[in-house]
């Protein structure tokens, strides 16, 4: 059997990335891609690689996932995450979870330790306890920036929609040397959302989908729009019809925009190891490593290329 060349692609969210946060978002996505690729280079599985990459971004306060998540209407962090294995179509997800640092780890445990695919809120909390996942005070996940934004959105003349443009869901897709694909996506959701609001991230086929027969994708953007068109599965459907990852991504994003007026971004890898990072928003932080070459960008048409050696020597960027 010909060994696949492993590939990882990550995104740090689609939307508008404020100037002062650009460097941090770039560095954080690059760091995540390098960490995920490290797993693949050591012969690790795609599922381990995407979990590692997403965990790296959950721990980075620049992103709206894990620490740094936006706050709901009550000023609390409620997070969603999903992971999926393209070999078996097994998937695990959690929604509206509080007080844990890495929802993606919990999603992985749902996939591996239960017969279920999605646990929510209180049930997810009990399961986390049973699995020995340490609880952290909710405050520990709240950054100054998230609190500031929450307050701004509470003002009577505010338009939370304005701020939603800076979304920051995180995700990763990978193919390993065995040719297995996987995806992972994690988010804090929408700023000032209703308590209990769950977006596309935790929904299989919307926030992510992975199938060895076609490929894997992770999405970001306006959750309700993504759910309406089941964006992740739609992209894979287009690839099954023979489209390249790039054309499939653009076609699906274009459909979401024309049909429901929704903007977003996606990362894709197909079963042959071809990848794409595409978005209809102003920006999306993304990074990929393939053939020991790192590529990354934030703006449309922007693509920096570095050898893996150079990237690792400079600690990423």
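Along the chain as shown, the residues are counted starting at 1.
Placed from the backbone N, Cα and C atoms, the Cβ positions cover glycine too.
Among the features that TrEMBL reports, active site, nucleophile is placed at 169. Taking Cβ-Cβ distances under 8 Å and a sequence gap of 6 or more within the same chain, the neighbours of residue 169 (active site, nucleophile) are 11, 13, 14, 64, 65, 185, 186, 187, 201, 207, 219, 220, 221.
Positions annotated as substrate binding site by TrEMBL: 197, 198, 199, 200, 220, 221, 222, 223.
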Cβ neighbour count (within 10 Å, all chains shown) around residue 221 (substrate binding site): 28
Based on the record's binding annotation for substrate (197, 198, 199, 200, 220, 221, 222, 223), what whole-number value in Å is the widest Cα to Cα distance? 16
Validating a neighbour-count step here. Other CB atoms within 10 A of the CB of residue 223 (substrate binding site): how many? 29
